[in-house]
């Protein structure tokens, strides 16, 4: 009498939230690069990190960019950005809708609103 065991392996994606954290970290540490042409080639042959006197190539795991992102805080008709001035923000939020981040360090005015509505309460 013998026994047989079967093992099945598979790859799964990480939880969406974990993936978001990894991408956000990569975004915060992204490296600006510039294309470099070998002497005889017309097309760029590789990318190098864009720093004075730097000849380092980015690592395969680096998130890289060639041009800096536009400033979304200020209005820019060229990119179509309307900026953040005059938008409502959430004073207590820590993410993109929070006043500290959305107002780009310019400061903000606070307004307190009261709202009355019927709640169909029964006592």
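Cβ coordinates come from backbone N, Cα and C, glycine included.
For 89-104, the entry in Swiss-Prot reads disulfide bond. Neighbour list (residue 104 (disulfide bond), Cβ cut-off 8 Å, at least 6 residues apart, same chain): 73, 84.
Listed in sequence order, the residues of the same chain lying 6 or more apart from residue 90 (N-linked glycosylation site) and placing their CB within less than 8 Å of its CB are 97, 98, 99. The N-linked glycosylation site annotation in Swiss-Prot covers 90.
The annotation O-palmitoleoyl serine is assigned in Swiss-Prot to 1 on the grounds of similarity to another entry.
According to Swiss-Prot, the feature region 'Disordered linker' maps to 33-61.
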Residue 90 (N-linked glycosylation site) - helix vs strand vs coil (DSSP): strand
Cβ atoms near residue 89 (disulfide bond) (within 10 Å, other residues, all chains): 16
